[in-house]
Amino acid sequence: MEDNRYTFTEEGGRSSGMCDGASSEEAEAAESLSCMPFATLGIGDAREDTDVPQINSKKSEEKESIKSEQENKRKKHHKDYQPNYFLSIPITNKKINSKKSEEKESIKSEQENKRKKHHKDYQPNYFLSIPITNKKITGEIKTLQNAIIQQDKRLAKAMVGDGSFHITLLVMQLLNEDEVNIGVDALLELKPSVEDVLRGRRLTLPFQGIDTFRSQVGFVKLVDGDHIPPLLEIAEMAQRMFQEKGIVAGENRSFKPHLTFMKLSKAPWLRKRGVKKIDPAWYEKFIHHRFGEETLYRIDLCSMEKKKQSDGYYHCESSIVVGDKSGGEPDDAELVKLSKRLVENAVLKAVQQYLEETQNKKQPGEGSSVKAEEADRSGSGSDNNRK
């Protein structure tokens, strides 16, 4: 049987194997097909190529859907992420652990040494004072002091002077003018806290009876009562306020409010003359004596070492007025007295600053005699001015 199929050359022409019996129309048709670019593709191949874009689009949609789902999971995971496990690299090298232990011990030892040095060098030179201004109390104390002096005139040197009666709220160490200014700021910031404790009420402090500290310091006792807790709270707040500002403040012993009227340390020579203790017989008539009541309305920042004021009260750096003295405003005399004290302190501070600046401008050899005189005065008066 004769093969009637056509074959085509690369040039698109008809091969010599073409059937001789083919018509001219068929030959022309076959020749035109050979010129087309898809002439060498089969029908099946063409059908397969037309489906590729649709398949790719479907796969792309599936990938986007998976990606979106994973992203949502990550967001939810981030929101609820709460770690509960961890990967650990344990330290088993004994040398490393030993070194860390030594470092901790070294730091601990250094801190302990600093505390010991601080305790050793701590010498309070300032204090917060609640002044005693009730004339009945001060008058009764003078009566007590005179009764003791009548028994031994030498004891007059151990008595607290007029105008110096007060309750010590807190003691502290202020080493320079910058620290004094920090102390003044701390006192001013203390006022709102004190007023919160008082809540507009009067804090009345009643005094009755006599006691001593180790038979060296004689004081009038503050009666127990509802006034003690708020007074202790104010003292604790004051100590916390000053310590937070870096001020070395407070004492090892617990706070015991009292009103000192005599101290044997004011006259050290008494010990050499046989007066080593305060004898209870000196004040036995005042054991249960009522001295009166004082209302808290002012707290002062005072110096133990600077020269006292003309009224006998300590040098005052600053004051705050709190509470209610007598159900109303403080009386005019007390306001005038307080204003005068603050003005005097401000003027004195300005004069001292001016003198320091003037002396610094002088030559090294100048002004030495003036400084020596000031040193002598401060040295001789320091014992008498201490609290």
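Placement of Cβ uses the backbone N, Cα and C atoms for every residue, glycine included.
Whatever TrEMBL says is automated annotation, not expert-curated.
Summarising the annotation, TrEMBL assigns region 'Disordered' to 1-82 (among others).
As annotated by TrEMBL, compositional bias 'Basic and acidic residues' applies to 58-72 (among others). Residues in the compositional bias 'Basic and acidic residues' (58-72) partition by DSSP class (helix H, G, I; strand E, B; coil) as 15 helix, 0 strand, 0 coil.
Here TrEMBL flags 97-120 (among others) as region 'Disordered'.
Residues or ranges marked as compositional bias 'Basic and acidic residues' by TrEMBL: 99-113 (among others).
The annotation domain 'A-kinase anchor protein 7-like phosphoesterase' is assigned in TrEMBL to 124-320. For the domain 'A-kinase anchor protein 7-like phosphoesterase' (124-320), the model's average pLDDT works out to 94.
Taken from TrEMBL, the feature domain 'A-kinase anchor protein 7 RI-RII subunit-binding' covers 328-384.
TrEMBL lists 356-387 (among others) with the feature region 'Disordered'.
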